[in-house]
Structures are given as structure tokens and as C-alpha cells.
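TrEMBL has this to say about the protein:
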| type | residues | note |
| --- | --- | --- |
| COMPBIAS | 303-325 | compositional bias 'Basic and acidic residues' |
| COMPBIAS | 332-349 | compositional bias 'Basic and acidic residues' |
| DOMAIN | 358-440 | domain 'UBX' |
| REGION | 302-362 | region 'Disordered' |
Amino acid sequence: MAAPEEQELSQAQTEKLLQFQDLTGLESMDQCRRTLEQHNWNIEAAVQDRLNEQEGVPSVFNPPPTRPLQVNTTDHRVYSYIVSRPQPRGLLGWSYYLIILPFRFTYYTLLDIFRFALRFIRPDPRGRVTDPVGDVMSFIHSFEEKYGRSHPVFYQGTYSQALNDAKRELRYLLVYLHGEDHQDTDEFCRTTLCSEEALTFINTRMLFWACSTSKPEGYRVSQALRENTYPFLAMIMLKDRKMTVVGRLEGLIQPEDLINQLTFIMEANQTYLMSERLEREERNQTQVLRQQQDEAYLASLRADQEKDRKKREEQEQKRQEEENNARQSILAEERRRRTLEEEKERKSECLPPEPPLDDPDSVKIVFKLPNDTRVERRFLFSQSLAEIHDFLFSLKETPEKFQIVTNFPRRVLPCLPMEEQPNPPTLREAGLSRSEVLFVQDLTDD
């Protein structure tokens with residue numbers, strides 16, 4: 001006896017269940033059914049999802065909930081390049097440095113104390129990201145107002161979106177965190193980031209994402225990348241199937257040095273990127289091949305199903321035709337039987353009355369029917385044999401077609417009109433005596 005779960009499946013679902021098991025090679029019918037139910041019994045989606053799972057790539061048809069893409073920052077092979085501020089030179093330089101040092105120290109110390117105390121009064125508003133795209137667009141607008149439109153092309157989206165695009169396109173992602181209060185920020189933006197050679201190099205080689213750390217989105221990225229000083233740049237790429245920071249540039253850096261450092265990082269990691277591209281290409285080719293095989297299998301399956309459908313339609317049409325023919329036969333038989341009954345009633349009503357027993361012209365006839373029933377009736381010698389036939393025809397026990405036969409000598413009475421004798425003879429002309437026994441023979445099968 002089938003399990004209740006299997007009894008609830010329709011015929012179409014059962015066929016899909018068997019097809020899915022055949023395509024994926026899964027032995028557990030319960031697992032096959034759960035997978036199909038998750039995909040609303042879409043067999044193409046379920047098969048593709050199973051293939052993705054076997055290859056270790058995210059599901060195409062049921063992607064996981066959107067969340068920020070994690071970046072690997074713990075790789076000890078991350079290339080770091082930190083530029084220290086130049087030391088003062090000469091007596092004038094050292095004098096200016098020593099004079100300014102107490103003021104700078106006091107300013108930044110008080111600023112840090114103020115920020116630290118402010119955290120106890122109210123939470124840092126940057127800790128809650130509510131409009132990440134708005135944060136990025138606001139930074140781009142303020143950057144262009146201050147430094148002009150000649151700059152690398154900013155990625156106009158969130159940090160997570162930039163990571164996803166870089167991963168999907170297998171490109172480098174250069175992240176710039178803008179520290180508005182840092183003393184080197186203005187010089188870096190004007191002389192390095194907005195220089196013609198730097199922006200040309202960045203625009204042609206990588207994606208570029210930037211945001212101010214004063215914005216919630218920039219602050220969140222700052223907490224993830226943990227920069228030490230500003231200006232801060234991080235090079236991120238897909239490495240070992242993870243988005244990984246492969247280079248960090250911190251401090252004021254000149255355009256030529258920036259290009260050299262970025263080139264060095266790219267060349268050092270080019271093999272990883274090429275490996276990822278080759279692996280993805282092989283994966284795509286395997287996926288395309290499997291998809292083509294699945295499409296060919298499904299096309300063959302659909303062709304077989306179409307043949308089965310046409311065969312079922314032909315069988316159904318044949319069955320309906322047979323049912324229609326049988327129904328027509330039943331209706332025809334019913335009409336014939338009703339017509340026969342009406343004819344019997346009409347013949348019975350048209351029969352002349354039976355003559356009295358003492359009528360000298362009467363003939364007593366005993367009829368033996370095919371079902372061994374005996375029927376007796378009187379007729380007149382002057383009556384036609386056709387009236388004898390009509391009498392027998394009106395009886396319910398009499399077959400539809402019959403003939404009347406005498407016993408000795410055996411002869412068939414001509415009760416019906418014939419071509420050579422249109423008017424049947426009378427009883428006297430047929431040679432019947434005053435008392436006769438006649439036999440009724442069934443001619444229906446004949």
C-alpha cells in the first residue's frame with residue numbers, strides 16, 4: 001500500500017519527481033520531493049540548483065538573503081605601503097615644527113577627548129547605516145564641489161554592491177576612505193587623486209569606490225578595513241573564492257608612486273585573478289554543457305511526452321467514438337423496440353373480434369410459440385391468414401420475425417403478402433380444418 005504522502009501527489013508531480021531523480025541521481029525520494037517543493041515543482045530550476053550545489057557555487061534560482069559581502073582582511077600576505085610624513089629640514093623648518101607642535105598636539109588631544117566624551121552623551125550617528133547609497137552620492141557631490149569634476153570615476157552604489165560587481169566581473173576594486181579632518185587629505189585629493197595620470201590609470205584598470213568616514217556607510221567600511229591613517233587606499237580582488245584585501249596604501253602618496261604601487265600589487269596578484277578567470281570559464285563551460293545536455297534531455301522528454309499525449313488523445317478519441325457508437329446503438333435499439341411495441345399495439349387494436357364458440361364458421365387454432373407457450377384463439381374460415389399473423393405479432397411472447405408452420409403435412413402458411421401472391425389466402429383456401437395446431441418458428445436470427 002502506498003504511503004499517504006505519495007498518494008497526495010498528482011500524476012504530473014509524480015512524473016516530475018521521477019524525472020528529477022533520473023537527472024540528478026539522488027537516491028532519496030524524500031529529498032527529491034523537498035527540493036522540487038522548494039522550487040514550486042519547477043524541474044528546470046530544481047535541476048539547475050542541484051548542479052550549482054554540487055559545484056559549490058551560489059544558487060541561481062534561490063539566492064540567499066542579501067547581506068554585505070564579507071571581505072577577507074586577515075591574509076598575512078597583504079601588501080602594505082605606509083608613507084611617513086617628511087621630517088623638517090634646516091633650522092627654519094625645525095623652528096616652525098617646534099612652534100606648531102604644542103598647538104597641534106593640544107588641538108587633536110582635545111578633539112579626541114571631546115569625541116570620546118560625546119559617545120557617552122549620545123551614540124555615534126555613524127554607527128547606524130540607513131541610506132548607504134545616499135551617503136556615497138553625498139560624498140561624490142561634496143568632493144566635486146571642493147575638488148572639481150576631474151577625478152577617477154566614482155562607483156555610484158554601496159560598498160557591498162561594488163564588491164559584488166568586482167567579484168562578478170573579476171576586476172580589481174580600489175577603495176578610498178576620505179578622512180575630512182586629516183591634514184594630508186586636501187593635498188592628496190588635489191595633487192594625486194585628481195591628477196590626469198592617476199585618474200586615467202584607475203579608470204582603465206579597476207573599479208573605484210570612495211566615501212567619507214564621516215558618513216555612516218564610510219564609517220562602516222572603515223570599521224571593516226581598520227585603516228591606521230589617512231589618506232587610505234585598499235586594493236580588493238577575488239582570491240581563493242573570497243573577496244580579499246591584497247594591498248593597503250596609507251599616507252600621503254604622490255601620483256607616480258601611487259601608480260607604481262598599484263601596478264606592483266596588480267602584477268603580484270595577476271596569477272590569482274587569471275586562475276579565477278580560468279576556473280570560472282571552466283565552470284561556465286561545464287554549466288553550459290550540462291545545461292545543453294539537460295535541454296536536450298528535456299526536449300527528448302517533451303517529445304516523448306508529446307507522443308504519449310497524442311497517443312492518449314487518439315485512445316481517448318477512439319474510446320469516445322466507441323462510446324458514441326454504443327450509445328447510438330442503444331438508442332437505435334430502444335427506438336426499434338419502442339416502434340415494435342407501438343406496432344404490436346396497433347395490430348392488436350386492428351384485430352377483428354374473436355367469433356363466438358357456437359359460430360359454425362369458426363376455426364379453433366392452438367398456437368405453440370418458440371418458448372413452449374400455448375395460445376388458443378378462434379378465427380373465421382373467411383378471414384385471411386394475414387389476420388392470424390397480426391394476432392400472433394401482437395402477442396408479447398411472439399418473436400419479432402416468425403413464420404407459421406403446420407405439423408402434418410409440414411408446410412409454411414403464406415401469411416404475408418408476396419410478389420407472386422399479393423393477397424394472402426383465407427383459412428378455408430389454406431385448407432385448415434375446424435381445429436388446428438400450428439407452430440410458430442422464430443426467424444429473428446435468420
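Cβ coordinates come from backbone N, Cα and C, glycine included.
The structure displayed is predicted, hence computed values, not measured ones.
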Residues of the domain 'UBX' (358-440) by DSSP state, where helix covers H, G and I: 10 helix, 29 strand, 44 coil
Within the predicted model, mean pLDDT of the domain 'UBX' (358-440): 89
Residues of the compositional bias 'Basic and acidic residues' (303-325) by DSSP state, where helix covers H, G and I: 23 helix, 0 strand, 0 coil
Tally of residues which DSSP labels helix, strand or coil - the compositional bias 'Basic and acidic residues' (332-349): 18 helix, 0 strand, 0 coil
